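Lifted from TrEMBL, the feature list:
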| type | residues | note |
| --- | --- | --- |
| SIGNAL | 1-19 | signal peptide |
| TRANSMEM | 44-69 | transmembrane segment |
| TRANSMEM | 81-100 | transmembrane segment |
| TRANSMEM | 133-152 | transmembrane segment |
| TRANSMEM | 239-260 | transmembrane segment |
| TRANSMEM | 280-300 | transmembrane segment |
| TRANSMEM | 312-332 | transmembrane segment |
| TRANSMEM | 352-377 | transmembrane segment |
| TRANSMEM | 389-413 | transmembrane segment |
| TRANSMEM | 425-445 | transmembrane segment |
Amino acid sequence: MAFFLSLFLLMHRLGLYRGQLIGAVLNAMGAAIRYRYADDYSKVYVGTLLAAYAQTFIISAPSLIAASWFGAQERTTATSLGILASQLGTAVGLGVTIFVDFNDDGTTTYPYIHIGDVNNNSDTVDMNKLQHYLGAQLVMACVALLLIAIFGGDEPPSPPSREAHNARVDRASAMEFLAPKHRDSDVPSADDESSLLLGDAVILQYYTGDESDFSMGGGPSPFDYIESVKIVFSKWRNVVYLVSYGLPIGVFYAIPVFVGQLLTFDRYGTESNVAWSPGAIGWAGLVFQLSGIAGCFIAGRLIYRTNEFRSVLRGLLGGSVISLLIFLLAATSTSSGVDTSMISNDQSTTSVSIAIVFGLMGCGLCLAAANTVGVEWGRAMTFPADEVAVGGILECSAELWGFIMVSTGAWMMDNVDYEYGDGRICFLGTLAAAVTFSLVVTVLLQPKTTKPPR
């Protein structure tokens, strides 16, 4: 997390355009290394590591571009479309694996095959197919680099709307007056009436314009990165929100990692009698990601029409819990002692498969949408902190909980003794409990957003 915060500090210093350009260069370099050394795992890992570093420059781009390039009423929709694009890229990557079988079919000869060994099971990979796939990734990475280099920028030449122009002018004037007061102290005091932070709300004490200009943030912040981090962590409610935001996004990251194991093996670690084929698992992952795309778009429209962050987020988290429970019951029913003798095996398998797909669709839609709403609400809560800093901290929380969820799932799937429990049930139950915790926090915690009083 400290590494992420350091890189986001660098992002703050560089600016949006140069930060995105560096991220695109690292991503293209990683793709080139993976393509050139596809048969050398250590070098492929280096290329993947470069791509991972690139994400620290790219991951906060949707909300930052939305803040700089779009008007206040367009912000959430723009953010959702940016996150949607990320989901679309993941869906395309998964979609390719459905239609292309990378295993050698027996007709390819050395040196175009590569023998790999995982858990003492040897497998052969057709290097021609793999290199074509990695080459396509390289082409897309280079196209993205060119698009950013040619069309990118820190902000549009002129404000995108009248509201954005007014917000830019009024915000600059406001911060010129208020920022020195804030910088006099390391952490704002809630007891100081002259402080920028009053209680749990950020209030522009003298601003009398349309509240829609500031309700979604936007415009440059006068506070540097360190000051913005202090603003975020100066309130315990903000810290609790960071945890409640990161948990469901961590769950969203963890589900695709284990979906293959959940749909292939039973509680004893052997292949289930209703195990899904690799192609079917690929389709399941694609459904999950496509549902996330739909969720991002729906969330953007809901916030645009209602401006009710908290209510929308509660509904999405509630839907996530229900979907996880459906997926848990369906994925473990046929091999966990559930009596299906009253119906035929084909009927049982079909019903379970439909329930699994339905659960995955609900998880993808609700969790991805919660990501969109959570980012915007978090930035609204922490105004006037710099949006790069806030986005970086939120992403740190999501990445940290994603790592914890994946590590926990790996341990549970491998070490929970089937005589005392089912690792799959423990893992999916943990995911459901994590999202339930976030839902409870969202219901009980009532932080005020940055809307100034009328």
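Keep in mind that glycine also has a Cβ here, set from the backbone N, Cα and C atoms.
The stretch from 44-69, 389-413, 425-445 with the most CB pairs below 8 A to the transmembrane segment (312-332) is 425-445. When each of the listed stretches 133-152, 280-300, 352-377, 389-413, 425-445 is scored by C-beta pairs under 8 angstroms to the transmembrane segment (44-69), 389-413 comes out highest. Contacts between the transmembrane segment (425-445) and the transmembrane segment (280-300): absent, as fewer than 3 C-beta pairs lie under 8 angstroms at sequence separation of six or more.
Counting Cβ pairs under 8 Å to the transmembrane segment (389-413), the top-ranked stretch among 239-260, 280-300, 352-377 is 239-260. The largest share of C-beta pairs under 8 angstroms with the transmembrane segment (239-260) comes from 352-377, of the ranges 133-152, 280-300, 352-377. Remote same-chain residues near the transmembrane segment (352-377) are listed as 62-63, 75-76, 79-80, 83, 87, 216, 245, 248-249, 251-252, 255, 259, 263, 274, 284, 287-296, 298-300, 302-303, 309-310, 312-313, 316-317, 319-320, 322-331, 333-334, 391, 394, 398, 435, 449 (criterion: CB distance under 8 Å, separation of at least six residues from the stretch ends). Long-range neighbours of the transmembrane segment (133-152) within the same chain, counting only residues 6 or more positions beyond its ends whose Cβ lies under 8 Å from a Cβ of the stretch, are 16-17, 20-21, 24-25, 27-28, 30-32, 34-35, 38, 93, 96, 100, 102.
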